[in-house]
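Going by TrEMBL, these are the annotated features:
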type: TRANSMEM; residues: B:21-47; note: transmembrane segment
type: TRANSMEM; residues: B:67-87; note: transmembrane segment
type: TRANSMEM; residues: B:99-118; note: transmembrane segment
type: TRANSMEM; residues: B:138-161; note: transmembrane segment
type: TRANSMEM; residues: B:173-196; note: transmembrane segment
type: TRANSMEM; residues: B:223-240; note: transmembrane segment
type: TRANSMEM; residues: B:269-289; note: transmembrane segment
type: TRANSMEM; residues: B:295-313; note: transmembrane segment
């Protein structure tokens, strides 16, 4: 465990902003190094592609993890319906911003500008969150978990249903597109317009070193998501250090005591739940719908558990930890293994079609087919790795990277000092 | 009980528990609607269709049989989930993937053994390629062999998982255990995907059909599912009621500390809980594949929420509740087709889960912990 403690102690010495920035830069450098070791002549462009994609992932997961941290880390609400709230936000945004006249095969919407759609998505996700929270918050934590995951599946099945693919209400035609999904105003496209317009010199500079235009756009999009994550971080940090946040922490520690102090804990819980859900809705629209297209299959419950893994790794109860956890999860556990599997050479031979052929080759003392099979299937195995990491952290480091910072509900330190001398030894 | 008494009871219920009253009203409407539909009449009020339509007894019966069969298998899987929920006190999110593990172990054993004589390479047979599909009537011995392998293999896997993951954290809170089980679920599911790939394979096919009444038919594989699950449920009942182990389990579900003080070897009871729950989960996975004919790496995960619904509707900790809840959820999942489009029937089953959790978290059978 000394390795882990060592890492944590070193993390501890840095101020939060420097910590997060150095962590991100480390990830970028690692991926650049990978790109230059496998990329050949295309290295610069490959590196830009890697860095851009990973930045999008880190930004999106950072927003989601921060939202979950407010609900679970600060208030103790065990929400595993994240995918559902993401779907509500994304679908509301899509329906509000889809073109009124989409042409053949498209689903019509309201044709509003994207910022209105995103705002609408956040509000809708918050409203659905409130509707879910009103009756469910008095339940035990594990019951709340099951209610939220069931709700997220109901939401996914509903938008998937052919009956709401296109409906007409008061002469206005709109819908979810059913299983085929819906196209809407692409957030990526807006960033692309900015990059190719005012940012044109940047693109020219990038192209001169061999980085293609789309990769510059991708990086810009990732940085915008990181910017939104930073904004959420700032708002949430203000929030949890306010009197409102102290009540949330008190609810997490002991709800009965908080009630007896005259706080209407239900109201506080619902508000915290709604704020978290709004952020999840925003992330749903900007992350899953980055290319201006969403479909129900993008909102399966498994994404909820990825966000949970990120929060557990980072340590619930710490906003900085949430961002570090999101970066660790999405870059090192989710993105990097897949790229390794794609680019690491497999001894110059193609991998066998299935694991049994690979194991059969072990009989003739040839381990290379098995290794090749493993490397080529590393994108499957990374989920096993995520599962193992989750179990390891829960068993050995339940506080995650920074969860030990878990702020107390009080503004002054209430831990009883050790009685050095005098006084009773025990009560 | 006289009608007047029932009515006054109902009125009291509606006043004291408006939410429960609303549920009762919806149920009454559905029953009335079903009756008018079966009679083939339609009731109009103010020009709107209030209830009715048309539905033949035959299609109702075949829907009910479908629901019953899936429900029995879900109930069987639910027993294990319910036991770990009450005795170890956590919601095991890896239970669905345990079901998948059992199905793959059992079907690999049955499929490869059945097709050993076929010229297809052995490595293909392990992936369910190149051999003939099995049916319960044509190759009952092999199907039974696979069933035993599924049960024993799942027990082995579950015991290893318990030793590695859950045993070091016996004293942890239920949420920590829940999160650990999410990790186990991911690891198990993608290990299966790693070995067997993510494709869906056909392994079983019906060998014979038995005509029942009104055009309702049941296949040999469905009969096997029915017989095996009823026999196993009876067995579990006898085990829990007639043996010391059953008594010890009930005692532990009630109060673990008290059970330990009384001299119950709690660690051994926990292990036996895993053995029993794992065996039933593996068997139910195997039987579900026998009934549906196809197998894929995530079918248990998709089923998990349905199993949770069964356990919660029946009351967590109650074995009989899990069985009855499974049948009930299976029936809801298939009978909802009468009122809802086919894309939303699963959503109806989840809605039942949510309503029960909100109105009656102890389950519809009153939360009497039988085991």
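Along the chain as shown, residues are numbered 1 onward.
Yeah, the Cβs are placed from backbone N, Cα and C, and that goes for glycine too.
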Contact call for the transmembrane segment (B:67-87) and the transmembrane segment (B:173-196): at least 3 Cβ pairs under 8 Å, seq gap 6+: no
Proximity verdict for the transmembrane segment (B:99-118) and the transmembrane segment (B:223-240), three or more C-beta pairs under 8 Å: no
Dominant neighbour of the transmembrane segment (B:295-313) in B:173-196, B:223-240, B:269-289, by Cβ pairs under 8 Å: B:173-196
Tertiary contacts of the transmembrane segment (B:269-289) (same chain, 6+ residues out, Cβ under 8 Å): 70, 73-74, 76-77, 79-81, 83-84, 87-88, 95, 98-103, 105-107, 146-147, 150-155, 157-159, 162, 170, 203-204, 224-225, 228-229, 232, 236, 239, 245, 248-249, 252, 259, 295, 299-300, 303
